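Per Swiss-Prot, the features are as follows:
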- 78-91, 285-297: NAD(+) binding site (BINDING)
- R99, R109, R138, D227: substrate binding site (BINDING)
- D227, D251, D255: Mg(2+) binding site (BINDING)
- Y145: site 'Important for catalysis' (SITE)
- K195: site 'Important for catalysis' (SITE)
Amino acid sequence: MSKNYHIAVLPGDGIGPEVMTQALKVLDAVRNRFAMRITTSHYDVGGAAIDNHGQPLPPATVEGCEQADAVLFGSVGGPKWEHLPPDQQPERGALLPLRKHFKLFSNLRPAKLYQGLEAFCPLRADIAANGFDILCVRELTGGIYFGQPKGREGSGQYEKAFDTEVYHRFEIERIARIAFESARKRRHKVTSIDKANVLQSSILWREIVNEIATEYPDVELTHMYIDNATMQLIKDPSQFDVLLCSNLFGDILSDECAMITGSMGMLPSASLNEQGFGLYEPAGGSAPDIAGKNIANPIAQILSLALLLRYSLDADDAASAIERAINRALEEGIRTGDLARGAAAVSTDEMGDIIARYVAEGV
């Protein structure tokens with residue numbers, strides 16, 4: 001008998017609700033085709049929660065997420081709530097506390113250049129023609145963003161500011177294992193990014209990654225300095241499979257990977273804890289300027305569902321079915337407005353219907 005799963009659905013603001021609707025259409029197709037027992041519950045978050053409950057992350061939303069196997073998150077924020085104090089605004093008051101509450105230490109950001117979308121890639125045509133499919137695995141809770149001491153002191157010419165890069169062994173070990181396990185589901189290659197020619201924290205990082213690599217003899221490990229990595233991503237992104245990064249370096253490289261795909265509407269994201277619980281969301285924002293117009297690209301939200309199935313529900317077949325359906329739609333020239341470039345475009349609803357149908361048909 002198949003296991004029962006429960007997903008907490010947090011549509012949020014802007015285009016969040018309408019692209020979430022498309023992801024749930026696809027989830028219905030997955031349920032039917034793979035006979036999976038998956039239930040969902042909806043909760044307010046972000047600006048919608050401020051409007052309805054007076055706070056961006058109500059206790060009922062947190063409790064609902066605690067009772068779920070995973071969280072499918074839409075997007076939060078918009079000009080309507082920008083006048084509020086920073087810690088009460090949708091982004092800082094909802095998403096960051098959720099990450100902290102559930103101890104989400106790893107961030108996974110796939111960046112893929114799909115066949116037929118090479119013209120959107122800002123790289124030279126001969127480089128884009130090779131395509132790329134990269135997974136950036138970023139450590140989220142350690143490093144220079146959280147290390148102590150940090151601050152400012154002194155005055156005049158002696159005024160200074162300082163931050164501290166700190167990594168503990170356990171932090172490096174667990175993020176490295178995420179990267180190696182992910183590589184086993186892909187092309188069996190990990191490139192670990194550091195600055196071990198200068199930084200003590202990077203020397204430790206490299207040593208521990210080498211140790212963890214012995215547990216994965218089927219995965220090829222290479223090391224690369226961060227400055228070289230930023231260059232190699234522009235020169236030949238097809239050489240990479242999984243990038244393993246510290247918090248700071250991952251912050252930089254994940255955005256670079258996103259940019260070279262040419263469309264934020266295609267990029268999902270996953271944040272995981274040690275138990276496999278995850279929060280899955282599009283990498284883009286709430287796009288309030290196009291909200292409610294039925295023109296937003298829902299693919300990032302649908303791909304976020306695929307990540308959820310793969311990493312939190314261990315349903316790789318279902319995740320792959322979604323990815324194949326998206327590939328088929330794009331190969332057939334089906335585009336939302338952000339990808340149409342003057343050609344005929346389908347609506348948000350139509351794109352969701354097409355992908356759901358392809359999942360059901362098993363393309």
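Using N, Cα and C of the backbone, Cβ positions are placed for all residues, glycine too.
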Report task. Using DSSP reduced to three states, classify R109 (substrate binding site) as helix, strand or coil. Result -> strand
Report task. Compute all pairwise C-alpha distances among R99, R109, R138, D227, the residues listed as binding substrate, and give the largest one in whole angstrom. Result -> 29
Query raised in the report: Who sits close to R99 (substrate binding site): which same-chain residues at least 6 apart have their Cβ under 8 Å from its Cβ?
Result: L140, S271, L279
Requested in this report: Have a look at the recorded positions R109, R138, Y145, A287 and say which one has the shortest Cα distance to D251 (Mg(2+) binding site).
Outcome: R138
Report summary line: One should report the C-alpha separation between R138 (substrate binding site) and D255 (Mg(2+) binding site), rounded to whole angstrom, as 11
Report task. Report the member of R109, K195 (the recorded positions) whose C-beta atom has the most other C-beta atoms within 10 angstroms. Result -> R109
**Report entry** Beyond the site residues D227, D251, D255: chain residues whose C-beta lies within 8 Å of the centroid, for Mg(2+)
**Finding:** I226, T230, L248, F249, G250, I252, L253, S254, E256
Query - Listed binding-site residues (E82, D227, D251, D255), ranked by Cβ neighbours within 10 Å, top entry - result: D251
Report summary line: Rounded Cα distance in angstrom between D227 (substrate binding site) and P86 (NAD(+) binding site) is 33
Report task. With a 10 Å radius around each C-beta, find which of these binding-site residues (G78, P86, P90) has the fewest other C-beta atoms nearby. Result -> P86
**Report entry** Cα-Cα distance linking A291 (NAD(+) binding site) and Y145 (site 'Important for catalysis'), given in Å to the nearest integer
**Finding:** 33
Query raised in the report: DSSP on E82 (NAD(+) binding site), three-state: which is it?
Result: coil
Query raised in the report: Counting across all protein chains shown, how many other Cβ atoms sit within 10 Å of the Cβ of A291 (NAD(+) binding site)?
Result: 19
Query raised in the report: Per DSSP, R99 (substrate binding site) is which: helix, strand or coil?
Result: helix
